[in-house]
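Below: the structure, in structure tokens.
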Amino acid sequence: MRCGIIGCGAIANTIVNLVLKQDIKKIKLKYFYDRNFRKAKKLANLTNGTAVKKVEEMFNGVDLIIESASQEAVKEIVPNIISRGIDVLIMSVGALLDEKVRRRLIKESRESGANIYIPSGAIIGLDGVKAASLGKIKEIKLITRKSPTSLGVKTKKKEVVFKGKSSEAVKKFPVNINVAAALSLASGIDADVKIIADPEVEHNIHEVHVKGDFGEFKSITKNTVCELNPKTSVLAAYSAVTLLKILSDNIRVGT
Ligand SMILES: NC(=O)C1=CN([C@@H]2O[C@H](COP(=O)(O)OP(=O)(O)OC[C@H]3O[C@@H](n4cnc5c(N)ncnc54)[C@H](O)[C@@H]3O)[C@@H](O)[C@H]2O)C=CC1
Ligand SMILES: O=C([O-])CC(=O)C(=O)O
């Protein structure tokens, strides 16, 4: 599978390092684009790939493009990818809680035949959420704890910085709570979200609680943060690579 990457920050660097370290031959990282060209060049050098100055330059040479840039990139660049029939893996999932954006991407993908993939990101349990949503879900909530630095707030004590629906959370904290969007898209319900800035935590911690006619479950993910960007958890990049491996393998374990 020939891949391009848009956004060459923490997630992209973790993906590249993982693919190189584990010598995953089926995933060929070919093209890199970032509005900061030096970041694209760095990853291109590591992989013998190509850094492009205009994103369109990668369109003819890829089967799938990984978006690991920003919600803005999903709105501005991803429609052009999908309309050309190229598959896309989206990390900045929060953008899809904007109904206009989501409807447009789904419509374009139906017309062009492109697939849109959304990895589980930095939370575990989306498999359970999807299965549970076949019945009736009575409650779905996410409690996220991150350091004040990660959340971009100043506080010396533990503080709830957001309480509300996931569709609002992704607007107020666009680079911190894409996991809430994944949860909402998987369940079809605008999940309840609480974000806590906690000076005592060194991890990004996400608790998911789901109650429904299936019963009840709770998952806790205590994530190691990326060195390049402490807002972002290493697991998010690992989940993107896992999804690419699933797409290029003949056996699939789990839902
Ligand atoms: N789905 C999930 O579970 C998670 C999603 N994310 C999201 O994934 C995305 C990437 O995360 P990181 O790698 O940690 O961010 P980062 O800030 O380390 O890197 C993002 C890179 O994208 C580039 N960029 C941003 N907008 C761009 C645009 N419109 N055109 C070209 N380049 C652009 C920036 O220059 C930067 O180099 C973010 O939107 C983040 O919020 C992060 C963690 C978990
Ligand atoms: O990486 C994480 O722990 C979560 C995150 O930043 C996001 O969902 O945007």
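Numbers here mean position along the shown chain, with the first residue as 1.
Even glycines carry a Cβ here, placed using N, Cα and C.
Per TrEMBL, the feature domain 'Aspartate/homoserine dehydrogenase NAD-binding' maps to 7-119. The NAD(+) binding site annotation in TrEMBL covers A122, N178. Per TrEMBL, the feature domain 'Aspartate dehydrogenase' maps to 156-241. According to TrEMBL, the active site annotation covers H206.
According to its DSSP assignment, N178 (NAD(+) binding site) is helical.
Each residue in the domain 'Aspartate dehydrogenase' (156-241) has a pLDDT score, and their mean in this model is 97. The residues of the domain 'Aspartate/homoserine dehydrogenase NAD-binding' (7-119), classed with DSSP into helix (H, G, I), strand (E, B) and coil, number 61 helix, 18 strand, 34 coil. Around the Cβ of A122 (NAD(+) binding site), a 10 Å sphere holds 24 further Cβ atoms from the protein chains shown.
Counting only the Cα atoms, the space from H206 (active site) to N178 (NAD(+) binding site) is about 11 angstrom. Sequence-distant neighbours of N178 (NAD(+) binding site) (same chain, 6+ residues apart, CB-CB distance under 8 A): M91, S92, V93, G94, G121, A122, V170. Secondary structure of the domain 'Aspartate dehydrogenase' (156-241) per DSSP (helix as H, G, I; strand as E, B; remaining residues coil): 25 helix, 33 strand, 28 coil. Listed in sequence order, the recorded positions among A122, N178, H206 whose CB lies under 6 angstroms from an atom of ligand 1 come out as A122, N178.
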